[in-house]
Amino acid sequence: MTATLERRQSVSLWERFCGWITSTENRLYIGWFGCLMFPTLLTATSCYIIAFIAAPPVDIDGIREPVAGSLLYGNNIITGAVIPSSNAIGIHFYPIWEAASVDEWLYNGGPYQLIVLHFLLGVASYMGREWELSYRLGMRPWIFVAFSAPVAAASAVFLVYPIGQGSFSDGMPLGISGTFNFMLVFQAEHNILMHPFHMAGVAGVFGGSLFSAMHGSLVTSSLIRETTENESTNYGYKFGQEEETYNIVAAHGYFGRLIFQYASFNNSRALHFFLALWPVVGIWLTAMGVSTMAFNLNGFNFNQSVVDSQGRVINTWADIINRADLGMEVMHERNAHNFPLDLASGEVLPVALTAPAVNG
């Protein structure tokens, strides 16, 4: 008998670390994107909680009139927010070490940039982590493609829009009422309701909700009963079972007769792809719309587009919306300027027709 001795292969610490990071056997998959995702999201979350509770007022408009957003300064859950960085900072990168002191950094709204930039890095890494885990499990990549829609939307309102407007003070505040304020001001300045891409986004979100409700109710109504009348139908399903849990033929026949034949899918895979595609494309288009309006390519303007034979304006809903927009714009940053830009930017009126003679 011959005995063969082989030298044991030594595995370096780095190789063991790589194996642990990319292992799909972990209860929570980490992945290389996770190495960036976990610290950035933890940083953003920690700073957000602290700032929402205790951040001092921020000079958002850059006119030495601080706005309080935290709970300890008199706000509640509805009115509280992390106030965007000061207009005095503009679009400049403003980390802690760029300020003369922590007090100055807080006064100028530094936490907003810290939270937003770490959050965007974190959600982008989460999207990459979805692709990475799908790749390691041999799955198709559609999960990360679908998640790219909310990532694009967040990037549009937190990064692209401030860049286009020239200041992080124009970004969306991190709070409930601040979000509503952002929406009203956005409508006032860009007429987003009349932008085709926003219309597509509304169709995507509401259409996706409708299709989801229709699909869920159809499936629930056509479940194959595996239990008695005294038990919940949910007990008739076993996780991982191979047979269908609902009768797609019955659901197809019902919906085809309710609407018309070709309104109903007869292919389960095509149906679920459509359910994913519709809202994702809608949110993609909305993010594109916000990103173009960031550079003032605004919604359609049909103001005073209907006149009578005498040239007098016949008001339409477009004119009523325009009047509402002007009212909202007047209320926005009311101490930073006297008039909205639409009212202040008229034709230049000459004050002096000739230059005065100066006798020296």
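Glycine too: its Cβ is placed from the backbone N, Cα and C atoms.
Since we're looking at a predicted model, the values are computed, not measured.
Taken from Swiss-Prot, the feature transmembrane segment applies to 29-46 (among others).
Positions annotated as transmembrane segment by Swiss-Prot: 118-133 (among others).
Within 10 Å of the C-beta of HIS118 (chlorophyll a ChlzD1 binding site) there are 20 other C-beta atoms, taking all protein chains into account. If you look up Swiss-Prot, you'll see HIS118 marked as chlorophyll a ChlzD1 binding site.
According to Swiss-Prot, the pheophytin a binding site annotation covers TYR126. DSSP assigns TYR126 (pheophytin a binding site) to a helix. Same-chain residues at least 6 positions away in sequence with a Cβ under 8 Å from that of TYR126 (pheophytin a binding site) are, in sequence order, PHE33, MET37, LEU41, PHE147.
According to Swiss-Prot, the transmembrane segment annotation covers 142-156 (among others).
The secondary structure of ASP170 ([CaMn4O5] cluster binding site), as reduced to three states from DSSP, is helical. What Swiss-Prot records for ASP170, GLU189, HIS332, GLU333, ASP342, ALA344 is [CaMn4O5] cluster binding site.
According to DSSP, HIS190 (site 'Stabilizes free radical intermediate') is assigned to a helical segment. The C-beta environment of HIS190 (site 'Stabilizes free radical intermediate'), restricted to residues of the same chain at least 6 apart in sequence and closer than 8 Å, consists of MET293, ASN296, ASN298, GLY299. According to Swiss-Prot, the site 'Stabilizes free radical intermediate' annotation covers HIS190.
According to Swiss-Prot, the transmembrane segment annotation covers 197-218 (among others).
Marked as quinone binding site by Swiss-Prot: HIS215, SER264, PHE265. All protein chains shown were included, and the count of other CB atoms within 10 Å of the CB of HIS215 (quinone binding site) stands at 17.
Over all protein chains present, the Cβ of HIS272 (Fe cation binding site) has 13 other Cβ atoms lying within 10 Å. HIS272 (Fe cation binding site) carries a helical DSSP state (H, G or I). According to Swiss-Prot, the Fe cation binding site annotation covers HIS215, HIS272, on the basis of sequence analysis.
Marked as transmembrane segment by Swiss-Prot: 274-288 (among others). Listed as Cβ neighbours of the transmembrane segment (274-288) (distance under 8 Å, sequence separation of 6 or more from its ends, same chain) are residues 142, 145-146, 148-150, 152-153, 155-156, 197-198, 200-205, 207-208, 211-212, 215, 265.
Most Cβ pairs under 8 A with the transmembrane segment (118-133) among the ranges 29-46, 142-156, 197-218 are made by 29-46. Nothing from the binding-site residues HIS118, ASP170, GLU189, HIS332, GLU333 places its Cα within 10 Å of the Cα belonging to HIS215 (quinone binding site). Between the two most distant C-alpha atoms of the annotated quinone binders (HIS215, SER264, PHE265) there are 11 Å.
Taking the binding-site residues ASP170, GLU189, GLU333 in turn and counting surrounding C-beta atoms within 10 angstroms, the largest count is reached at ASP170.
Among the binding-site residues listed here, namely HIS118, PHE265, HIS272, HIS118 has its C-alpha nearest to that of GLU333 ([CaMn4O5] cluster binding site).
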